[in-house]
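These come from Swiss-Prot:
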CROSSLNK  Lys28  SUMO2 cross-link
CROSSLNK  Lys51  SUMO2 cross-link
CROSSLNK  Lys56  SUMO2 cross-link
CROSSLNK  Lys157  SUMO cross-link
CROSSLNK  Lys169  SUMO cross-link
CROSSLNK  Lys173  SUMO2 cross-link
REGION    212-292  region 'Interaction with TERF2IP'
ZN_FING   16-38  zinc finger
ZN_FING   44-66  zinc finger
ZN_FING   72-94  zinc finger
ZN_FING   100-122  zinc finger
ZN_FING   128-150  zinc finger
ZN_FING   156-178  zinc finger
ZN_FING   184-206  zinc finger
ZN_FING   212-234  zinc finger
ZN_FING   240-262  zinc finger
ZN_FING   268-290  zinc finger
Amino acid sequence: MSHLSQQRICSGENPFACKVCGKIFSHKSTLTEHEHFHNREKPFECNECGKAFSQKQYVIKHQNTHTGEKLLECNECGKSFSQKENLLTHQKIHTGEKPFECKDCGKAFIQKSNLIRHQRTHTGEKPFICKECGKTFSGKSNLTEHEKIHIGEKPFKCNECGTAFGQKKYLIKHQNIHTGEKPYECNECGKAFSQRTSLIVHVRIHSGDKPYECNVCGKAFSQSSSLTVHVRSHTGEKPYGCNECGKAFSQFSTLALHLRIHTGKKPYQCSECGKAFSQKSHHIRHQKIHTH
């Protein structure tokens, strides 16, 4: 440490102040690094992929992802990491430590980023917007997966029948058709599900739990997707547009029903007289003619 730096520590002198937040620093170089966070300047670019960073130390860490260099090893399982913070996060899996707790429901997480993503289930916030159709998402990874719909990319293929999907989760759902496996069973009624998330949603029927609340009117829902659709009744958002006539809808299912007007598809047929209908509700209403 230089004599000048020691003098500043002793005297309490910190002459370099951030004009944005007022935070003070003893060195101009430290202030300059701090200011990058405000103006989002990212002068340090990765030569491999072009990704930019605000500080040199971050680009050096990032470059390890390209070289495959993994110097830090977990003592429990032997898994290795190129960055210390990734190792520390990983080790919490073994210790069971979950320091980041949601103030709304008490659910705890290993990483702060996971807590932030979870909190959006309570607020309904979806900051990631698709440039093609305007649909919004709570996580960037969800947006990335959704965008494959527009470019027609379907990298996930079923080994059984060859059907391809744009998102891995849809492939996993589809594969249960072939296996018929339903490992997740409800303790209340015995109903079984192929996915854990489906069981969690189902259990709320018994518990009456509705964790997703509308910030506008206070109405609560058991599923985040139901809240998303409901919020559109306040905002007027209609992200699903018909390519034939331009009419827009707040729900994809409503668009699917509407498209049958153009295609003439009528999948619901009366077993009594053979008359066909485009909507299930119309089919049910018609059947009452035969029962009376």
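Each Cβ is built from the backbone N, Cα and C atoms, and glycine gets one as well.
Keep in mind it's a predicted model, so treat the numbers as computed, not measured.
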Worksheet, complete the sentence: Helix, strand and coil residue totals from DSSP for the region 'Interaction with TERF2IP' (212-292) stand at 36 helix, 12 strand, 33 coil
Item to complete: Mind checking which residues of the chain, 6+ beyond the ends of the zinc finger (240-262), have their Cβ under 8 Å from one of its Cβ atoms?
Response: 133, 229, 232-233, 278-279
Worksheet, complete the sentence: Cβ neighbour count (10 Å, all chains) around Lys56 (SUMO2 cross-link) is 11
Worksheet entry | Spatial neighbours of the zinc finger (128-150) far in sequence, C-beta under 8 Å, 6+ residues away | 117, 120-121, 166-169, 224, 237, 239-241
Item to complete: With a Cβ cut-off under 8 Å, give me the same-chain residues at least six positions beyond the ends of the zinc finger (268-290) that come close to it.
Response: 257, 260-261
Worksheet item: DSSP on Lys56 (SUMO2 cross-link), three-state: which is it?
Response: helix
Response to the item:
Cβ atoms other than its own within 10 Å of the Cβ of Lys169 (SUMO cross-link), all chains, total 14
Worksheet, complete the sentence: In DSSP terms, the zinc finger (100-122) comprises 11 helix, 4 strand, 8 coil
Fill in: Distant-in-sequence neighbours of the zinc finger (184-206), which means Cβ under 8 A and at least six residues beyond its ends
172-173, 176, 222-223
Response to the item:
The correct three-state DSSP answer for Lys157 (SUMO cross-link) is strand
Response to the item:
Students should find that the Cα atoms of Lys173 (SUMO2 cross-link) and Lys51 (SUMO2 cross-link) sit apart, in Å rounded to an integer, by 34
Response to the item:
Students should find that the Cβ of Lys157 (SUMO cross-link) has, within 10 Å, a number of other Cβ atoms equal to 12
Practice prompt. Show which residues of the chain containing Lys51 (SUMO2 cross-link), separated from it by at least 6 in sequence, have their CB under 8 Å from its CB.
Written response: Glu45, His62
